[in-house]
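K.L.:
Got these off TrEMBL a minute ago, pasting:
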DOMAIN    A:3-425  domain 'Aldehyde dehydrogenase'
COILED    A:23-50  coiled coil
TRANSMEM  A:98-114  transmembrane segment
ACT_SITE  A:E210  active site
ACT_SITE  A:C244  active site
TRANSMEM  A:467-487  transmembrane segment
Amino acid sequence: MERMQEVVGRARAAFNSGRCRSLEFRMQQLKALERMVQEKEEEILAAIKADLHKVGHNAYSHEILGVLGELALAMDKLPSWAAPQPVKKNLLTMRDEAYICLEPLGVVLIIGAWNYPFVLIMQPLIGAIAAGNAVVVKPSEISENTARMVADLLPQYLDRELYPVVTGGVPETTELLTQRFDHILYTGNSTVGKIVMAAAAKHLTPVTLELGGKSPCYIDKDCDLAVACRRITWGKYMNCGQTCIAPDYIICDPSIQSKVVENIKATLQEFYGEDVKSSPDYERIINKHHFRRVLGLLEGQKIAHGGEADEASCFIAPTILTDVSPESKVMEEEIFGPVLPILTVKSVDEAIEFINRREKPLALYVFSNNKKLIKRVISETSSGGVTGNDVIMHFFLSTLPFGGVGNSGMGAYHGKHSFETFSHRRSCLIKDLKMEGTNKLRYPPSSQKKVGWAKFFLLKRFNKGRIGLFILALLGIVAAVVIKVSFG
Amino acid sequence: QPLFEAEFSEILLCKNELHETLNNLSHWMKDEHVHKNLVTRLDSAFIRKDPYGVVLIIAPWNYPIHLLLVPLIGAIAAGNCVVIKPSEITKNSETLVAEVLPGYLDNDCFAVVTAGVQETTRLLENKFDYIFFTGTSCSPSVGRIVMTAAAKHLTPVTLELGGKNPCYVSDTCDVQNVARRVAWGRFFNAGQTCIAPDYVLCSAAMQENLLPALHKAITDFYGPNPRESPDFGRIMGDKQFQRVQALLRSGRVVIGGQTDAEERYIAPTVLVDLQPSDPIMQEEIFGPILPIVIVANVDEAIDFINSRERPLVVYAFSSDDKVVNQVLERTSSGGFCGNDTLMHVTLTSLPFGGIGNSGLGKYHGKFTFDTFTHHRGCLHRNMGLEALNALRYPPYSQQKLGIIRVASEVKRKDACTLL
């Protein structure tokens, strides 16, 4: 296992050499990544298909389009993101330079997940490179084709010492986590999230944990059910339900439950045809272990639709469960599969209470024509993010920070938030070595008079606005002179 | 703590934070609307500022009121309930906080817990939604304990720790001004300040000039016998006194060096002839001792700084801007202050925090509010215009993909993702 120490050590030495700090270098690496995605599109799609049975168009939309968008954004905005930010000064620091410097953290570790194996490595990687760090990339070994592809391709396009790819399973990852990093971004489940954070704690390494949970989906009686169910069907069954922000379960009034089922069934027909198994657009469960896990959740449940499964191909049909009990197994863990339980509640109050009794989810969905109701659900619950009247879509707006809260994670990224996650905001105050006069009021020996002046200079009793600032400046100069005279 | 220092750090700076927060809270709390892409153009997209829930604030003994109140202000502003744990070492402040706070704040939402090390360990077994910990010297190890406890519940943390803050003094500078500013920062609160300049790096020639200047500054500040000055503090507790006193054995005393165990007095002291391996160079001093380490030039100073753990702050003194900027650009630290000490924390618009061993997270001003806020990405869409969504639904086709690709290529400059 000495290999891990070597790899990380090399990345650190490369970072310390300073070459990844210049904006030109970062842009060059980002451009290289863009070229890689464009030139090797076929290989990338083939790897994803091999792992998840995902057809090219789908894989492109889900994994490549987003990456190209993030790359374009980062390259466009990097100069402005990386520029020092001047800050508001007070009377005492009026003549000084005060700003926040955006600096790289050092060597960061990105651990990917298997469900969107390419984009969940690439999006953080883009932010980390843009912020000027060295990055150790650890794709998930469960999506083994994509892991191999990433390990093959990245070194062909990026600086090999600064951005090494490490492959392997649990033992390799455990060894990797004993090394010291300056930030770790992990995408996966809460159990491993705790292990990652505990390992990070040994080195006081900040972490971003993109975890999961059961994302609730509340459907109000007052809503266009056909539209709502079509959107929910899309979000639930994409990638065979293996999406961290998939609507995990539905809560609705008992009077609309059967209509919901009918609408979803109709949509499934539209999307995948009569025989889902032969639709090229329907994916598969990643492996036998998860296949058995998801199938197990169906035990003892009322299956309103679906339920067919084939272990050989890890196929599970889009399934709907009705009248599900909150205590059942399917309501205990994140489903991460094409099984949609429906629970009934008699009011939005009950729905809110139900949601709040459980761990905070990564996403929360609410469908209603009543804007006030949507606002209420958002205000009275907590979650990583929210989409109202649709599902998944808040993920695709990069100006929104994407991340969890509580059990669903900590920290956020996407767009500029990625850059900030992987940057250190260093406060800088540069004073003049002269102008010692005003300093005298803070030096001992002290006196009540000095305390009075200190109060004057520090307490912000003045309003903002041009005139206020001008008067403030004038008073400042007067004060400086008076102090020089009385204490000089 | 001398009255002026107490007034300055414990009261004035806290009032500043309160005013800043009260003036701006309604603005900070508002939903922050964000730029939308093509697909979401007709939707409402905003960042909601949610409280985390129940947060824990653990305060240290060196500025027992300030380091408790400033995080508390932000936690309350962000809408959380707070469990407050003042330091058990400063008994008077601890009692004051426990008695006074309940008289002013809601007793259900804000609780004060008085606890020693053992009880604090038990306290940390509970689930909190955020933990804010400020430590004093030796705090990296306690920081690790806090973060490990937090990991069990996936609780996010801010750790304000410490380190050895280097202070580089170049050959071109106004020596007397430098001496005054460095002495003030070092001996404030008898050196028990996490952002105090811990040690000086300078050339042998500069040391020659600096020593008499430091001597003058100390005499100007505290008189010929600092023990009699009402403006010079004492060490907090016997344990700390013994620890700091032991550090005097490194190098050679050129100024000060007197101690009195009964009063826990250690004179403002300057040491020279130090080796990087000396005990005083291995831990954060947190006392009124200023060691001077000789370096040949700014490059050697930068190498010296970079060979050690990243500190809470780096100081550089020079009348040559280029030198100050070099030190800034080639080192890494929580914060940086050129040509002065301590002052960067009086600006609430600058984020205050460490990096690496000196901590994680930041606060002061709006940054405190943000620390205790969960920034929740919200997208509120239209139920209508379903036709536009058709592009994303199966059955997938080359045609659909083609439209998507074209649409997003056109928008590449605006960095939009279309699905």
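Placement of Cβ uses the backbone N, Cα and C atoms for every residue, glycine included.
Quick one: where do these features end up spatially?
P.N.:
For the coiled coil (A:23-50), the model's average pLDDT works out to 97.
DSSP classifies A:E210 (active site) as strand under the three-state reduction.
All chains included, 27 other C-beta atoms sit within 10 angstroms of the C-beta of A:C244 (active site).
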K.L.:
Under 8 Å between C-beta atoms and at least six apart in sequence, can you list the same-chain neighbours of A:E210 (active site), or say none if there are none?
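P.N.:
When sequence neighbours closer than 6 are ignored, A:E210 (active site) has A:A113, A:L120, A:L185, A:Y186, A:T187, A:G188, A:C244, A:L362, A:F402, A:G403, A:G404, A:G409, A:G411, A:Y413 within Cβ distance under 8 Å.
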K.L.:
Against which stretches of its own chain does the transmembrane segment (A:98-114) lie, if we need a Cβ under 8 Å and a gap of at least six residues from its ends?
P.N.:
8, 11-12, 15, 20-21, 51, 81-87, 89, 120-121, 124-125, 128, 131-140, 142-143, 146, 173, 176-177, 181-188, 196, 206, 210, 244, 286, 419-420, 422-430
K.L.:
Could you find out if DSSP has A:C244 (active site) as helix, strand or coil?
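P.N.:
In three-state terms, A:C244 (active site) counts as coil.
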